[in-house]
Amino acid sequence: NTLTRRCERKFIRVTSCYLCLPSPPPLRCCPWSRCCGMGDFRPRTVWLGHPEKREQRYPRNVINNQKYNFFTFLPGVLFNQFKYFFNLYFLLLACSQFVEELRLGALYTYWVPLGLVLIITIMREAIEEIRCYLRDKEVNSQIYSKLSTRGTVKVKSSGIQVGDLIIVEKNQRVPADMIFLRTSERNGSCFLRTDQLDGETDWKLRLPVACTQRLPTAGDLLQIRSYVYAEEPNIDIHNFIGTFTREDGDPPVNESLSIENTLWASTVIASGTVVGVVIYTGKELRSVMNTSNPRHKVGLFDLEVNCLTKILFGALVVVSLVMVALQHFAGRWYLQIFRFLLLFSHIVPISLRVNLDMGKMVFSWMIKKDSKIPGTVVRASTIPEQLGRISYLLTDKTGTLTQNEMVFRRLHLGTVAYGMDSMDEVQSHVFSAYTQPTHDLPASRAPAATKVRKTISSRVHEAVKAIALVHNVTPVYESNGVTDQAEAEQHYEDTCRVYQASSPDEVSLVQWTESVGLTLVGRDQSSMQLRTPTGQILNFTILQIFPFTYESKRMGIIVRDESTGEITFYMKGADVVMSGIVQYNDWLEEECGNMAREGLRVLVVSKKSLTEEQYQDFEARYVQAKLSVHDRSLKVATVIESLEMEMELLCLTGVEDQLQTDVRPTLEILRNAGIKVWMLTGDKLETATCTAKNAHLITRNQDIHIFRPVTTRGEAHLELNAFRRKHDCALVISGDSLEVCLKYYEYEFMELACQCPAVVCCRCTPTQKAQIVRLLQERTGKLTCAVGDGGNDVSMIQEADCGVGVEGKEGKQASLAADFSVTQFKHLGRLLMVHGRNSYKRSAALSQFVIHRSLCISTMQAVFSSVFYFASVPLYQGFLIIGYSTIYTMFPVFSLVLDKDVKSEVAMLYPELYKDLLKGRPLSFKTFLIWVLISIYQGSIIMYGALLLFESEFVHIVAISFTSLILTELLMVALTIQTWHWLMIVAELLSLASYVASLVFLHEFIDIYFITTVSFLWKVTVITLVSCLPLYILKYLRRRFSPPNYSKLTS
């Protein structure tokens, strides 16, 4: 409808931070930045244990999450309230009562309602500020140990300075950004829990500076003359460039520092005790720089309500001008305009905003408490009704539709492939490789078949050994829940071993090598131990590791076999990059496509043997590149690429990511509800298509149009024309082709894509995901919902009108950045179909009823003034006008937040009911106009009825009309309710009882003796029946002859 379209064009989106932190809360530095001596961000030289040698002043290590302080709290809260037009309007109305010519009654008539709204707001802000203050105080007061010339001293977190040597115990939070110098762990490394920094649940391995780790004791750190050169503070939590220099060494020692040597604030030490030197504090912390103020999304429903209140304000001005015009602008007419503006101010209801905000809190509470979607968290309680109007749902694949629990399915060697049913063959090949001596038979006497078997056996063995070595997995041994790796190194207990890695893919591969006989039993920063099927321990020295990145899409490792001295470079990665690295072959591309079509995630494994001279030459160039301060990443990548040539292709691995439970029925529900689902993934085209079919995102009878790869404008034009000729088919497109289409034919592509029943975008970058969401909003004007579970989904989630994070294997980063957090994808169906639908319908009913309540009394005032020669005299004064919108009608009206048209089971069974909401019918110009007409009718009937039936005294008019008004409102609430809740009945009876009881104290406005007469009772009954009975009849006739969809189901 028109209202929805107008508001959609004005839809406001406030972007937010990429990073959201849980407890401890998002960090912010001290607000007094100038006092802290914080200038521009610059690189720094930090001397170990000597903060007094600093080159510049650094910010204090104080965390402050408060919006206000003691002095700015009240002014700040009031400013934030009155910067909005309608709040300022009500303040001016209240202040005008101090002017004698404009006063219409007692001051509290206008000040009490405004005061109630402000008190509720101030209390809410005060509670939040107190909570923030206590959280900040707790974090700032945490005690740490500091190494100093006087020994080990205790220091508060807020007292830590750049250059301090801080000791952090196991399970203790890192208080500032530090360089890792020493660890108590025998293997010379430590694990770090980073879930409160980047949202990833897997532990990260961190390595100390080699020079300082070799020192006999931690106290020796103060005896050496050394410093750290650190880059300027920035927001990148995944990279760091720096150097460590020891000047008193012979010769002086220089070591390059990278992300592996850092301990960022807000992470937690997971193993051992560590010592670090502080390099960044306060606002220069990585966690602080990645945090901005909490985002605030303005819902489409709020914009529609704002639009209606502007219409009501226009009506208020028009009515006031008409009243003065009917007086022929006599006398001081400009004062009369102001008096009428005050008199009819109830046309714009002051309680509308408060009712809606409280309603949203109730809806959010209902979502959290729903036992059928356990673990659901509402992080943005301002937009629950948005869930009831979603037109496009954009979802990630891995970890969202799938479980992100990898199961090894296939090993492919080119000429032979091994599936789940033939893993025993692989096991026998590995066993034979370590049990049969190599000189079993002379080559001349060995039969041909034996030579073939031996060749296959050796190839399988090489492939399994490569998979067991090329990874970043570390075995952790747990005994009674406590890590004890020192003891585990002696026994290698299989039952106590747990694999830690940053990727579930790597864990599944290492677990598979264990199942076929080659087990990873130990690892530290410089070595790795494998156990053969015979129990023999193979020792490998780790010479270099090249970690996986999203840019390189591969990882590598150089190891030396201690038994033979052979140096081997192993590498694994995605086929798109590995195809140009391995030696020429004729099967890689074809088999990768075949495995992807089966829904498997494919990795290519390769190796390259190096001589000692080749490795020494590489190491010299690599160390030199790592010591560079400028363009380090480029120089390092160039050196590594010099090795990545003509590598021997060993095998392909295929792991399967199984679908989450009830993904298929959930997608079916969403499709029947009129929601179009788009899948945006970084995976291969074949894998993404297979998953889409498997999940029934693309139904069996649907055609699929796979968009051919395009690189130029002409190719994109031809392909779009070919796509245009197809109807009702699903679209599958790669990120590269998508970028070309959006560059040249954005409008045409989006127009065609929006007509598809389903769209799959593969090889998508996080930026492209957010761009697609933004384009859908701009081109269609419809509401979007983005669902994801990983850090690469955060930008998409924050861009969407509703962001839903799934807590998965990739951590909580998406969950923390989202408006709503769920534990499983299947919960999305109930979140939208039940809670989203109910929230929207209830909000619409509540807002329109609050408007109706205000318009009724305003209509009565207009009739009263018209009858009495357009006098600007109030009909009701004092407590009557306050009580009307508070204790007499507040609870019944607010109880509409408990109303529902159908049971939740019916809403889930018939998702078609959701379609009705997509058109915005519950709150539209049509429904608004109907409620305006009802208000005018009822207000006029009550006022004219009271004027006709009163006998002699004016006070009788007040008694008859006000009592009829209260009864009419209570009956109208009963008329509006579709499913009764016991709290609704309590609210109705309580309000009626409150009014009857208060009559004793209202003798100033109502004649107590008159209301006890039969005359009063029959007059009130007649007026109430005339105002309500026709509406009840109309409701009955409508349900009888033109019932809404839900009534057919409930009957």
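Placed from the backbone N, Cα and C atoms, the Cβ positions cover glycine too.
Pulled from TrEMBL:
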- D396: active site, 4-aspartylphosphate intermediate (ACT_SITE)
- D396, K397, T398, E506, F548, K572, R601, T681, G682, D683, R763, K769, N792, D793: ATP binding site (BINDING)
- 150-284: domain 'P-type ATPase A' (DOMAIN)
- 816-1043: domain 'P-type ATPase C-terminal' (DOMAIN)
- 105-127: transmembrane segment (TRANSMEM)
- 311-330: transmembrane segment (TRANSMEM)
- 336-356: transmembrane segment (TRANSMEM)
- 850-870: transmembrane segment (TRANSMEM)
- 876-898: transmembrane segment (TRANSMEM)
- 928-948: transmembrane segment (TRANSMEM)
- 954-975: transmembrane segment (TRANSMEM)
- 982-1002: transmembrane segment (TRANSMEM)
- 1008-1034: transmembrane segment (TRANSMEM)
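Shown here: features listed in TrEMBL, placed on the structure.
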residue: D396; record: active site, 4-aspartylphosphate intermediate; Cβ contacts under 8 Å, 6 or more apart: M679, L680, T681, K769, V787, G788, D789, G790, N792, D793, M796
residue: F548; record: ATP binding site; Cβ contacts under 8 Å, 6 or more apart: N472, S503, R554, M555, G573
residue: R601; record: ATP binding site; Cβ contacts under 8 Å, 6 or more apart: M406, D505, G654, V655, E656, D657, D683, T687
residue: G682; record: ATP binding site; Cβ contacts under 8 Å, 6 or more apart: T398, G735, C762, R763, C764, T765, N792
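Two recorded stretches are said to be in contact when at least 3 C-beta pairs lie under 8 angstroms, sequence spacing 6 or more; the transmembrane segment (105-127) and the transmembrane segment (850-870) fall short of this definition. Cβ neighbour count within 10 Å across all protein chains ranks T398 highest among the binding-site residues T398, N792. The stretch from 311-330, 336-356, 876-898, 928-948, 982-1002 with the most CB pairs below 8 A to the transmembrane segment (954-975) is 876-898. Just going by CB pairs under 8 A, the stretch in 311-330, 336-356, 876-898, 928-948, 982-1002 that sits most against the transmembrane segment (1008-1034) is 928-948.
Sequence-distant neighbours of the transmembrane segment (336-356) (same chain, 6+ residues past either end, Cβ-Cβ under 8 Å): 86, 89-90, 93, 96-97, 102, 104, 110, 113-114, 116-117, 120, 302, 305, 309, 312-313, 315-317, 319-321, 323-324, 327, 843, 846-847, 850-851, 853-855, 857-858, 861-862, 865, 872, 874, 881, 885, 890, 893-894. Each residue in the domain 'P-type ATPase A' (150-284) gets a DSSP state, and the totals come to 18 helix, 51 strand, 66 coil.
Around the Cβ of R763 (ATP binding site), 19 further Cβ atoms fall within 10 Å across all displayed protein chains. Residues D396, K397, T398, E506, F548, K572, R601, T681, G682, D683, R763, K769, N792, D793, recorded as contacting ATP, have a largest CA-CA distance of 27 Å.
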